[in-house]
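Taken from Swiss-Prot as is:
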type	residues	note
TRANSMEM	10-30	transmembrane segment
TRANSMEM	82-102	transmembrane segment
TRANSMEM	115-135	transmembrane segment
TRANSMEM	161-181	transmembrane segment
TRANSMEM	199-219	transmembrane segment
TRANSMEM	251-271	transmembrane segment
TRANSMEM	287-307	transmembrane segment
TRANSMEM	322-342	transmembrane segment
Amino acid sequence: MDNFFMTWLLPLFIVVGKTLLLLTVLLVLIAYLLYADRKIWAAVQLRRGPNVVGPWGLLQSFADLIKFVVKEPIIPSGANKGVFLLAPFVSATLALSAWAVVPVNEGWEIASINVGLLYILAISSLEVYGVIMGGWASNSKYPFLGALRSAAQMVSYEVSIGFVLVTVILVSGSLDLTTIVQEQNKGLGTYLGLPFSSLLDWNWLILFPMFIIFFISALAETNRPPFDLVEAESELVAGHMVEYSSTPYMLFFLGEYVAIVLMCALTTILFLGGWLPPLDVWWLNWVPGVIWFVLKVCFVFFWFAMVKAFVPRYRYDQLMRLGWKVFLPISLAMVVITAAILKYTSFA
């Protein structure tokens with residue numbers, strides 16, 4: 001009995017505990033990032049934004065949650081009921097499951113696997129199926145057009161993201177996310193002999209073109225403006241979510257924001273040193289790594305919000321052209337250049 005407890009039950013309890021803790025923190029973080037998103041957008045437009053529910057409007061996201069849950073879900077008469085209801089669960093579940101391998105500090109992840117980057121790429125590629133299912137099952141032209149756009153958009157930018165990840169793998173020599181962060185302890189700043197140079201050691205500097213490509217591709221991958229063509233209000237009303245209401249709509253919305261925060265976390269891990277402090281000095285090393293990680297995620301999300309506020313939406317043909325004719329050649333060239341530098345110079 002003791003052997004069964006130590007071999008099976010205890011590890012199971014630990015995994016369940018880690019999962020519940022991560023989900024709780026993640027959902028609370030998303031609630032306040034959504035609040036920040038609305039506040040930033042309001043500030044750019046000289047409005048006040050949410051300011052009624054709770055002090056300074058801090059409880060607005062929780063009020064929205066209650067509103068969505070208590071509303072009546074409406075299913076169109078011509079919809080495929082089973083697929084229609086399954087689609088938002090697929091979208092939200094896949095978005096949440098990608099977080100299983102994300103380390104928010106050294107050793108702080110639910111599952112430590114040596115191909116974590118490949119796992120996240122695979123899961124993020126599957127998320128589009130929830131959108132396609134919802135668009136098709138609604139039996140309406142606007143959701144279906146949104147689903148078709150989502151599929152084409154995902155294919156266009158997934159290739160560029162794949163090449164970006166290849167360059168990071170070449171530089172770090174691993175698919176393990178923890179190793180990728182640890183390898184950023186000895187980057188360009190260390191190579192040049194600069195003291196306290198953690199900020200210059202991170203991959204954003206030596207892979208700057210790929211950093212920009214990844215950031216813009218992440219906007220397209222998560223359907224954020226200026227690439228929100230899947231749910232373009234002026235063209236498709238709300239895209240694949242037109243016929244949804246109540247909890248199913250909330251699950252689509254949740255999956256979208258979980259994917260956005262995942263891309264912010266991935267940007268932090270791949271290019272901004274993960275949980276490493278910006279300067280290698282004792283008083284910054286004293287700060288827990290998870291705090292640095294959350295601050296960097298919030299910094300990346302701030303730029304997601306600013307792009308939404310400032311940049312007008314692309315036309316669909318411009319979006320495709322950017323993915324296939326600009327990002328793909330540049331990312332492919334950077335893979336070749338990075339491999340050549342690592343092979344024929346002493347930088348490796």
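Backbone N, Cα and C atoms are what each Cβ position is placed from, and that goes for glycine too.
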**Prompt:** Who are the long-range neighbours of the transmembrane segment (82-102) in its own chain, taking Cβ under 8 Å and residues 6 or more past its ends?
**Reply:** 19, 22-23, 26, 75-76, 109-113, 116, 119-120, 123-124, 126-127, 129-131, 133-134, 136-138, 177, 243-244, 247-249, 251-252, 254-256, 258-259, 262, 265-266, 269
**Message:** Using a threshold of three or more Cβ pairs below 8 Å, and leaving out pairs closer than 6 in sequence, do the transmembrane segment (322-342) and the transmembrane segment (287-307) count as in contact?
**Reply:** no
**Request:** Please figure out which one of 10-30, 115-135, 161-181, 199-219, 251-271 racks up the most CB pairs under 8 Å against the transmembrane segment (322-342).
**Result:** 161-181
